[in-house]
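Straight from Swiss-Prot, the features:
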MOD_RES   K5  N6,N6-dimethyllysine
MOD_RES   S11  phosphoserine
MOD_RES   K15  N6,N6-dimethyllysine
MOD_RES   K19  N6-methyllysine
MOD_RES   K19  N6-acetyllysine
MOD_RES   K24  N6-acetyllysine
MOD_RES   K28  N6,N6,N6-trimethyllysine
MOD_RES   K28  N6,N6-dimethyllysine
MOD_RES   K28  N6-methyllysine
MOD_RES   K37  N6,N6-dimethyllysine
MOD_RES   K37  N6-methyllysine
MOD_RES   K65  N6-acetyllysine
REGION    1-43  region 'Disordered'
Amino acid sequence: MARTKQTARKSTGGKAPRKQLASKAARKSAPSTGGVKKPHRYKPGTVALREIRRFQKSTELLIRKLPFQRLVREIAQDFKTDLRFQSSAIGALQEAVEAYLVGLFEDTNLCAIHAKRVTIQKKDMQLARRLRGERS
């Protein structure tokens, strides 16, 4: 049978709620030990997978603009003092940097999977860069 989307409907009477048994009511009304409710925690990896799906759907830049701009200006100071940048130039640099990093992390993840692991490590990133020919 095909699934259909469930929509909320206004109640038009129907059955009255059943009364709870005495033991159930006593259990619910009695305070639990300590009285402090633990905060809800997801299983390890659940939030990570949710974030992966969210970021794969999105197209916005992930590195904050101002810290990236400060870093670019700091690096540029080593080459020439009093350099000025158009905002579009810094935007283009940021797009290129993020595209490079996403590709590097994809290759790093493949290296970790090849080693039968799910966690990326420093050696995976080193191998990915070496295979790309960026570092010998």
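We number each residue from 1, going along the chain as drawn.
Cβ atoms are placed via backbone N, Cα and C, with glycine included.
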Rounded to the nearest angstrom, how far is the Cα of K5 (N6,N6-dimethyllysine) from the Cα of K37 (N6,N6-dimethyllysine)? 34
Within a 10 Å radius around the Cβ, which one of these modified residues has the most neighbouring Cβ atoms: K5, K37, K65? K65
Could you give the Cα-Cα distance between K65 (N6-acetyllysine) and K5 (N6,N6-dimethyllysine), in whole Å? 41
